[in-house]
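Beneath this line is the structure, given in structure tokens, with notes to follow.
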Amino acid sequence: MTPAAYVKLNLDALRHNLNVARRHAPDSKVMAVIKANAYGHGLLRVAERLTDADGFAVARVDEGIRLRQAGISQRIAVMEGFTCSEELNDLINFGLDPLIHSFGQLDIIDRKSGSAGIDAWLKIDTGMNRLGFSVDEVDKVHQRLISSSLIKKPVGFITHLANADVRSDSMTLKQIDLFNKTLSGFSGPRSIANSAGILGWREALTDWVRPGIMLYGISPFPESTGGDFDLKPVMGLHSRLIAVKSVRQGETVGYGGSWVCDRPITMGVVAIGYGDGYPRQAKSGTPVLVNGKRVPMIGRVSMDMITVDLSGQDDAKPGDPVTLWGGGLPIEEVAFWSETIPYTLVCGITQRVQIVEE
């Protein structure tokens, strides 16, 4: 039996999108970002499909351990690094590459004996003001790292772009310039570009690039869709009609009665809601596909259901297929109507939604 709400994954699209990243950065190695359960797509299934990636990036140590235990052999960068000696031990034992972004981490390294050797990235804060050392601290931090028997040489250097998704914003070029000037005279691999950097800023292309959202077929830029860059969507969210009924002019639909029917319509009830990860904040008018044709959502999103205006689909009936995004309905468009970003949609799919691999 087909589940009421299900995600369909086109895993072959992952490789296509990886190749798009390579076309934009032909001289760079690719570190595929698969943090947060591969942006909701499944950590292991994505890693196992992206065997051509030069390396992977995750946020936390436990994600890297899962990859190693599954037999993933490429380099794995841990973007949040470590916060205690136990996590440092895990990094060493599982061959994971931490980002070093605080003096507390350096102190933990200094207290650790042995010479197992780990690859490390020195995180430089060039304007994001989240993790990383200031440019004035880089030389001192680098000296401490290369003097440690735990750290392999050369040390890598990495930064994160804060506004790369806004192609008219001058901050990105300022960050890139600051990063390059700071590292004048230093040797070691460098990494700047995320998805927006890869697709929109040639100046950000260095030794390693870090495609994230683009791997899943989604544009990092709010004014475009993945298709604009030859990206193929990996995830589609689907359900079905469970009821069809008539609504009279003047009647309201849904919680709060916020949507008022201005003419007699045929309404469909879809088995999907915020309990499945569909955005609670989606507005009336958000596009939905019923039998492959666009219809507007009406009323508020409930935990388990949404309602749609079936005008023009007189033959619609319970059991008919519904697509919430994917299959001709870009997730970027749904995110726009929901006043959010596609990242939150793919990461928000809940456990009761079945995953179907194409």
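First residue shown is number 1, and so on along the chain.
Yeah, the Cβs are placed from backbone N, Cα and C, and that goes for glycine too.
Small disclaimer: the values here were computed from a predicted structure and weren't measured.
According to TrEMBL, the feature active site, proton acceptor maps to Lys35 (among others). Under 8 Å, Cβ to Cβ, and six or more positions away along its own chain, Lys35 (active site, proton acceptor) finds Ala57, Val58, Ala59, Arg60, Glu63, Met79, Gly212. Lys35 (active site, proton acceptor) carries a helical DSSP state (H, G or I).
What TrEMBL lists as N6-(pyridoxal phosphate)lysine is Lys35.
Marked as substrate binding site by TrEMBL: Arg130, Met303. In the shown protein chains, 10 other C-beta atoms lie within 10 A of the C-beta of Met303 (substrate binding site).
Annotation comment: TrEMBL describes 234-358 as domain 'Alanine racemase C-terminal'.
Under the heading active site, proton acceptor, TrEMBL lists Tyr255 (among others). DSSP assigns Tyr255 (active site, proton acceptor) to a helical segment in the three-state reduction. Applying an 8 A CB threshold to same-chain residues 6+ apart, the list for Tyr255 (active site, proton acceptor) reads Gly299, Arg300, Ser302.
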- Query: Counting by DSSP, what is the helix, strand and coil composition of the domain 'Alanine racemase C-terminal' (234-358)?
  - Reply: 16 helix, 48 strand, 61 coil
- Item | Average model confidence [pLDDT] within the domain 'Alanine racemase C-terminal' (234-358) | 97
